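A.B. asks: Once you've had a glance at the structure underneath, I'll fire off some questions.
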Amino acid sequence: MAKDPVRVLVTGAAGQIGYALVPMIARGVMLGTDQPVILHMLDIPPAAEALNGVKMELVDAAFPLLKGVVATTDAVEACTGVNVAVMVGGFPRKEGMERKDVMSKNVSIYKSQASALEKHAAPNCKVLVVANPANTNALILKEFAPSIPEKNITCLTRLDHNRALGQISERLSVQVSDVKNVIIWGNHSSSQYPDVNHATVTTPAGDKPVRELVADDAWLNSEFISTVQQRGAAIIKARKLSSALSAASSACDHIRDWVLGTPEGTFVSMGVYSDGSYNVPAGLIYSFPVTCKNGEWSIVQGLPIDEFSRKKLDLTAEELSEEKALAYSCLT
């Protein structure tokens, strides 16, 4: 039996990440190669012509799974009936702008998109926020879409998670697919904590701890962490543009694992609404290790947290609490 198409919204669809993301969705990378999709693409009026060009290219690519395309600058039309929403559109920080300026622009964007999603999306729509500040944008969206279950609103830290996997793979000269269970804790910012204390590498002799194989705590506790934290800036320096294909690919990984489930014994990082696990303040969107099954994520519980890690978890939580306060001050 052919499956019914899933409607997937991408906001900011004419931008760099959107341009990398929509063909991946249309090819089945996000939801599986047997799942037809209808793409809903939203962008701002100045990008309408470029957005139409993306729609033309989607037609030209003749994707067998793509059953329809909605390309619009109207949020209501874009959000109507969507099952998955990937929120890539946001206001980027420009030179000379204060954090509060960026925050107030994004607060107003996410406030209006929250109400369009709440009124018009399909029930049980899964939301992934990619645009920065991703954790706090997701929190604002949650606040202004109270009827969307809080467990359905997440933000992207899978890019950081995949960056951490990549660094370990390069360091050990192993396949990245053999590395698992790194964790990104906290904010999708340079305060995040990439943690390898629970990570393993599959070897011919079974799974071995990353720490044991790397055998260099000084590197793991400093350079490794800062490389992952600063990787976005390094890409901008090299490309003169921000990460796009890696962000798009990670967004597909995030949704795919959420919808289709994580492999047995593997956890991934997702920015989710904190319930107080690991003594992280409740009411923040914070990146945790999670497993997914039957379309639901669960925070992995009971992992031992050493003193070094505890400080890092608390530091990134403090930054998120400050961002939350700043965002709320923009609302008043």
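Cβ coordinates are placed from backbone N, Cα and C, and glycine is handled just like the others.
According to TrEMBL, the protein carries these features:
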DOMAIN    6-153  domain 'Lactate/malate dehydrogenase N-terminal'
BINDING   Gly12, Ala13, Ala14, Gly15, Gln16, Ile17, Gly18, Asp43, Asn106, Val130, Ala131, Asn132  NAD(+) binding site
BINDING   Arg93, Arg99, Asn132, Arg163  substrate binding site
DOMAIN    157-325  domain 'Lactate/malate dehydrogenase C-terminal'
ACT_SITE  His188  active site, proton acceptor
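Mind running through what each feature is packed against?
C.D. replies: The domain 'Lactate/malate dehydrogenase N-terminal' (6-153): residue composition by secondary structure is 68 helix, 28 strand, 52 coil, according to DSSP.
Cβ neighbours within 10 Å of Ala131 (NAD(+) binding site), excluding its own Cβ and spanning all shown chains: 23.
Taking all protein chains in view, 23 other C-beta atoms sit within 10 angstroms of the C-beta of Arg163 (substrate binding site).
Confidence annotation: the domain 'Lactate/malate dehydrogenase C-terminal' (157-325) carries a mean pLDDT of 97 in the model.
Non-local neighbourhood of His188 (active site, proton acceptor): Asn132, Pro133, Ala134, Asn135, Cys155, Leu156, Thr157, Leu159, Asp160, Gly271, Ser287, each in the same chain, at least six residues away, with C-beta under 8 Å from its C-beta.
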A.B. asks: Cβ-Cβ under 8 Å from Arg93 (substrate binding site), same chain, 6 or more residues apart: which ones?
C.D. replies: Arg99, Val102, Asn132
A.B. asks: If one looks at the chain holding Gly18 (NAD(+) binding site), which residues at least 6 apart in sequence have a CB under 8 angstroms from its CB?
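C.D. replies: Counting only residues 6 or more apart in sequence, the Cβ neighbours of Gly18 (NAD(+) binding site) under 8 Å are Val10, Thr11, Gly12, Met41, Asp43, Val54, Val88, Gly89.
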A.B. asks: Taking just the CA atoms, what is the gap between Asn106 (NAD(+) binding site) and Arg163 (substrate binding site) in Å?
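C.D. replies: Cα of Asn106 (NAD(+) binding site) to Cα of Arg163 (substrate binding site) measures 26 Å after rounding.
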A.B. asks: Which one, from the binding-site residues Gln16, Asn106, has the smallest tally of other C-beta atoms lying within 10 Å of its C-beta?
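C.D. replies: Each of the binding-site residues Gln16, Asn106 was scored by Cβ atoms within 10 Å; lowest is Gln16.
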A.B. asks: Name, in the order they occur in the sequence, the residues of the same chain whose CB lies under 8 A from the CB of Ala14 (NAD(+) binding site) and which sit 6 or more residues away.
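C.D. replies: Spatial neighbours, sequence-distant, of Ala14 (NAD(+) binding site): Met41, Asp43, Ala47, Ala50, Leu51, Gly53, Val54.
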A.B. asks: How long is the line from the C-alpha of Gln16 (NAD(+) binding site) to the C-alpha of Arg163 (substrate binding site), rounded to the nearest angstrom?
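C.D. replies: Answer for this pair: 19 Å between alpha carbons.
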A.B. asks: Given the binding-site residues Gly12, Arg99, Asn132, and counting only Cβ atoms in the protein chains shown, which has the most within 10 Å of its Cβ?
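C.D. replies: Comparing the binding-site residues Gly12, Arg99, Asn132, the most crowded Cβ belongs to Gly12.
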